[in-house]
Amino acid sequence: MSSGRIIAALLLLLVCVLLTPRAVEAGQTFLEAAQESFFSETLALPVWMDYAAVFVFGISGAMVARQKGYDYVGAFVLAGITAVGGALIRDGICIQDGLSPVFEDGNYMVSLICAWLVGIFLGGALTKFDGVVMFCDALGLGIYAVFGTNKALVYGLSVPVALGIGFINAVGGGLLRDVIAREEPMVFKPGQFYGVVAIVGSGLYVFLHQLIPPTIAAILVALVTLVLRYAAVRLNLHSRPIADTQDWLRDVFRSREKPEPLPPEIFRGIDDVDNFEKLDDEQRKKNAEEKHGRRSRNGRGEN
């Protein structure tokens with residue numbers, strides 16, 4: 001079984017555990033609650049998607065802490081910063097509308113603790129599979145890009161601002177994780193389009209939520225960003241440093257410069273300039289005949 005299937009199964013289990021009490025409280029079955037959540041026409045996205053982002057980002061943070069040799073407390077702190085760092089930046093700095101839902105809803109802490117436990121106790125087994133941290137980062141990236149963008153739209157902010165908040169929400173937790181773990185933030189380095197994928201996801205959600213129910217749009221965007229990020233890693237597609245890009249552009253423009261004009265004497269007496277090879281052969285032949293003629297005249301003069 002691949003790492004992606006393991007994480008997806010754990011994620012589905014967590015969503016069921018967190019959504020079922022809400023359904024029972026509302027007097028609904030789980031399927032009725034899920035259907036109402038999926039096909040709602042309002043911009044209020046289902047909170048279980050936010051729990052899912054906390055869960056997968058928390059796993060990536062806990063696994064990085066495990067690789068760094070941190071203890072249990074350090075792993076929990078790093079998992080928490082990775083999981084909710086972007087949301088706290090979104091709510092505390094960008095939108096500034098009271099207490100963040102992260103502190104009001106206890107299920108966020110449940111999701112974080114589950115992610116911490118998975119990263120601590122299953123991290124050794126998950127590291128045998130390729131790209132577990134990448135998978136968690138990519139899935140959380142798409143979900144948080146959607147949530148940040150959606151929340152900005154709910155508050156009536158303009159589309160460019162919504163795209164910016166979606167980007168911050170998506171990459172903020174990973175950025176804080178890398179800084180605290182003394183790694184160069186992934187979003188700053190030339191790499192497999194980490195930040196670009198977040199921007200694409202935010203823009204795609206702005207477009208799709210006007211055409212289909214927002215929850216369906218959010219799920220599609222999360223899957224698209226996951227596929228784009230995975231494809232960039234698997235195909236080894238890289239962005240380039242600024243200096244390399246400038247050198248490449250300079251080479252391109254130099255290659256398009258017009259070549260220096262040929263000496264006019266080459267074309268003396270020739271009307272068809274395009275037939276350069278024939279011109280060159282005729283010129284050589286003419287030069288050879290003139291040289292041979294001079295030798296013949298010199299020979300007769302000596303005699």
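Glycine is no exception: its Cβ is also placed from the backbone N, Cα and C atoms.
As annotated by TrEMBL, compositional bias 'Basic and acidic residues' applies to 280-292. The compositional bias 'Basic residues' feature in TrEMBL is assigned to 293-303. Sequence annotations record features per position, and here TrEMBL assigns domain 'Glycine transporter' to 48-121, 135-209. According to TrEMBL, the feature region 'Disordered' maps to 280-303. Under the heading transmembrane segment, TrEMBL lists 42-65, 72-89, 109-126, 131-147, 153-175, 187-208, 214-232.
Of the Cβ pairs linking the transmembrane segment (109-126) with the transmembrane segment (72-89) and spaced 6 or more residues apart, 3 or more are under 8 Å, so the two regions touch. For the domain 'Glycine transporter' (135-209), the DSSP counts in helix, strand and coil order read 57 helix, 0 strand, 18 coil.
Away from its own ends, the transmembrane segment (72-89) comes close to residues 50, 53-55, 57-62, 64-66, 100-102, 108, 111-112, 115-116, 119-120, 144, 147-148, 168-177, 180-181 of its chain (Cβ-Cβ under 8 Å, at least six residues beyond either end). Taken as a whole, the domain 'Glycine transporter' (135-209) shows an average pLDDT of 86 in this prediction. Mapped onto DSSP helix, strand and coil, the domain 'Glycine transporter' (48-121) counts 65 helix, 0 strand, 9 coil.
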